[in-house]
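Colleague: Supplied in C-alpha cells, the structure appears directly below.
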Amino acid sequence: MAAGVAAWLPFARAAAIGWMPVASTPMPMPPQEKRKAQDGLIILNVSGTKFQTWRTTLERYPDTLLGSTERDFFFHEETNEYFFDRDPDIFRHILNFYRTGKLHYPRQECISAYDEELAFFGIIPEIIGDCCYEEYKDRRRENAERLQDDEEMDMNNDVTPVNLTFREYLWRAFENPHTSTLALVFYYVTGFFIAISVMANVVETVPCGTLPNRSKEISCGDRYALAFFCLDTACVMIFTVEYLLRLIAAPSRYKFMKSVMSVIDVVAIMPYYIGLVMTDNDQVSGAFVTLRVFRVFRIFKFSRHSAGLRILGYTLKSCASELGFLLFSLTMAIIIFATVMFYAEKGSTGSKFTSIPAAFWYTIVTMTTLGYGDMVPKTIVGKVFGSICSLSGVLVIALPVPVIVSNFSRIYHQSQRAEKRRAQRKTRLARIRAAKIRGTNAYMRYKQNGLLIDSLEEEAGQALVGKAPSPPFESQHHHLLHCLEKTTNHEFVDEQTFQANCMDISVMNKTGSRASSLSSSPHGLGSCCSRRHRKKSSFSLPSTNNQELSTIQIRERPVANSRASLNAKLDETVPLKCDEPYITPSMVSLSAPVVTSSDGDGSTTTAYSQSNIVRVSAL
Amino acid sequence: MSTVRHQPEGLDQLQAQTKFTRKELQSLYRGFKNECPSGLVDEETFKSIYSQFFPQGDATTYAHFLFNAFDIDRNGSIRFEDFVIGLSVLLRGSVTEKLNWAFNLYDINKDGYITKEEMLAIMKSIYDMMGRYTYPCVRDEAPSEHVDKFFQKMDRNRDGVVTIEEFIETCQKDENIMNSMQLFENVI
C-alpha cells in the first residue's frame, strides 16, 4: 500500500493535527503500541552471503516470509542470524523490494528460478514494478507456450476422450482429420473425389474421336455421356453427404451456413440438382449449360485440404482495399491512354481503333506487356503514345507487389501489437484497481477488528487478542484514515457498498419511517443510506464480503463500554455492513440501545441510527 | 533530476533546536533521505508522498497547504531542518504551539486572519481527501456548512474573520479539541 513511504507515516500523522480544530466529532484513540518497535539490525545469511537490514524494513510486508514470524523457523542460534539455503543473487532483488517497495526482475535470470524464489519468500509476482513487468510477462508467456507445446506433442498420442457426444465427435473428426483413422479415411476419400470430379469436368470437353455416322468430332463428354453422368452423380452424392454431415455436426448451424467453405460446397453441387430438375426444358437447357461452369468451384473445396490456400485467401481479403485502389488507378490510366490512342488513330484508314472501348483492349494488352499484336497503331502519333503507354504500364504493374507485401506485413504486425497492448493495459488497470480495493478492504477490516479488540479488552480487562494484531504501520495508517473520517463526519466505503447505497434510495423511498426522530433530521442522513437502519430482516442484501460477515457475527455480543466515543464508533460503522445476507444492520443497531453503556447515554439511543453527522457535542 | 543537494545541520544543532532525541532524529533522517535523496523536498514530491496515504481521494490540495505550512522560509522546498522543526512542534510542542501551527495552516496568506474563503478552501481540500465512495455521500454543500459551523464557534465578535486570539481561546475551551491535540504524542 503506502509501505514504500512508511517512513513518512509519522509525519502524516503529525500533520493530522491540522484537522483537529475543525473536526466536529471526537477523534478515535490511536492504536496501542504493544511493544516499542525495536529498530534493530537483522542479519540474513543466504548461502553464505550476508545481508543486513533493519527489522522495521522487513516488517513492512507482514504477509511475506521475511516480514512475519515465519522467519523464526530459519533462525540460527549459534550464529545469531537467519540462514536461508537459497540463491543469493536473486535474494538481492527480493531484499530490495523490502527496501524500496518496488520489485524488479533481472533479465539474466531464468524465469522459473525467479518464480520459485518469489514463491518461497511469499511475494506475489504481480507487484513487479512497471519497469520490469513487460519483460517478466513476456518471458513468462514464452515459458508457458514452451510447456504447452510439450504437452500438445504428448497429447497427440493420447486416446480421444470418451465422453464426447456423437455430434461433437463428428465435428472434431471433420475439423481435425488426424484424430481418428476414420476421419483420415474420409478426408482422403473426399480429396480424391474432388480431384476426380475436377478432372472429369476437364476431360469431358476434350474431343474424343468421331462417331461413325458423323464427320464432326465430338467431345468425350458427349460420347460417353452415361459414364460421365454416373461419375458426376457419384461425386455429387459424396459431396452432398459430406455437406449434410457437416451441417449436422456443426455446433452453430447458422454460423456454419454463413461460412465461406459451406457456400462453396453448395455452389459446387447445385448445378447438378438444377440440371436434374431442368433437363426436359430446351429453352432453359442453354442456361443449364452455363451453370456447368460453376462446377469448377469444386476446386475450391481443396482449400479445406490445404492451409496455403486458406492463407492466400485471407491475405487477399485483408488487402482488399489496397487492391481496390490499385484497380482504380489502373482503370484511370487505361481510360486516359485509350482515349489518346483512339484520337491519335482516328485518322488512319482501316484502323482497328473503332471506339474508345475498343481501344481499352489495346491499352490493357500493352500496359501488361502482353502485346498480342491484334491491334497496332499505324500513325506516328499513335506509335509515340503507344510506346509511352507500354513504358508506363511496366511501372504501374511493378507498383502493386511491394505495396501489397508491405501492407500485409504492416497489418499483420499492427494487429499483433494492438492485441498485446490491449491485454497489458487491461491487466495493468486491473492490478491498480485491485491494489486500491485491497487497501480499502484492509481499512474496513481494521475498523471492525480495531473495535473488536478494544471492546474485548474492555470486557475482559486484559489483552485478549483473538487474532493476530495488525502490524504497527498498518494500524497507524488506519488510525490516520479514521481521524480523517471523524474530521469530515463521513466514512470511507468501498465501491460496491457505494453502489448499493445509491440503489437503496430508490428502493427504500417507499417505506415509511419507523421512528419519528429519524425523519426529523434534515442533515443527518443526506442522500444515501437514509433508511438502512430501519430495514428489517426481510430485506436481503447482496453479500460480497465474507470476511466482514464473520466479524459481524462476533460483534453480536453486547458490548459494554464506558467511553462515549467507542459507543459512537460502534454505531457509526454499523451502516457499512450492508453486504451481509442475513445479518441485518438493523439487528446490530437495535442492540445498541439495549447495550446502553453504564453512563446511560440517552443521547446515543436517539442518535444511534442517525448518521454520525448530527451527533455533535459542543457545536 | 536536479543536482541541488542539501546537507542538514549537524545532529547536535538539530538536537538543540528541536525536542527530539538523537535516536529519533537519526530514524527521521533515514526515512527522509530515503524518499528524497537530494535532501530537499519540492512540492511535487511532497504531494505524491502525501497522496499515497489517502488512496481513495485526492490529497494534492491539502498537501499544498501543508507544504506551505512546513516551508517556513517560502523558498519552494522543504529541507530536513524545516521538516524536523515542524514535527517537533507538532509532536513535542505545547498545546498553544500546536494551535499556533494549526492557525498558521489555515491562514493561507499568513496575514493573521482566517477568512471564510480561506477556511472554505481548506475544508474543501480535506473533503477531497475522502474521495467519492463515502457514507453518506459528500454533498456539495457539506464543506461550506462545515465552515459555517466552524465560524459560528470560533468567531466571537462576528466580524467575519477569526483571529489568533479567538482561535486559541475557543479551542482551549473545547474539550474534544484539547483531547485530540494530545493524540499523537508517541508517534515517533
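Cβ atoms here come from the backbone N, Cα and C positions, even for glycine.
TrEMBL annotations: computationally assigned, not manually curated.
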Colleague: Quick check on the annotations: TrEMBL lists transmembrane segment for one of A:224-244, A:287-307. Which range is it?
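Modeller: Range annotated as transmembrane segment by TrEMBL: A:224-244.
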Colleague: Under TrEMBL, which of the candidate ranges A:194-211, A:356-373 is annotated transmembrane segment?
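Modeller: When A:194-211, A:356-373 are checked in TrEMBL, transmembrane segment belongs to A:356-373.
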Colleague: Which listed stretch (A:224-244, A:256-274, A:356-373, A:385-412) has the most C-beta pairs under 8 A with the transmembrane segment (A:323-344)?
Modeller: A:356-373
Colleague: So what's near the transmembrane segment (A:356-373) in sequence-distant terms, Cβ-Cβ under 8 Å and 6+ beyond its ends?
Modeller: 330, 333-335, 337-339, 341-342, 345, 386, 389-390, 392-394, 396-397
Colleague: Who are the chain neighbours of the transmembrane segment (A:385-412) in space, where the CB to CB distance is under 8 Å and they lie at least 6 residues beyond its ends?
Modeller: 315, 318-319, 322-323, 326, 329-330, 333, 337, 340-341, 344, 362-363, 366-369, 371, 376-377
Colleague: What are the DSSP helix/strand/coil residue counts across the domain 'BTB' (A:40-139)?
Modeller: 46 helix, 20 strand, 34 coil
Colleague: Do you know the mean pLDDT across the domain 'BTB' (A:40-139)?
Modeller: 88
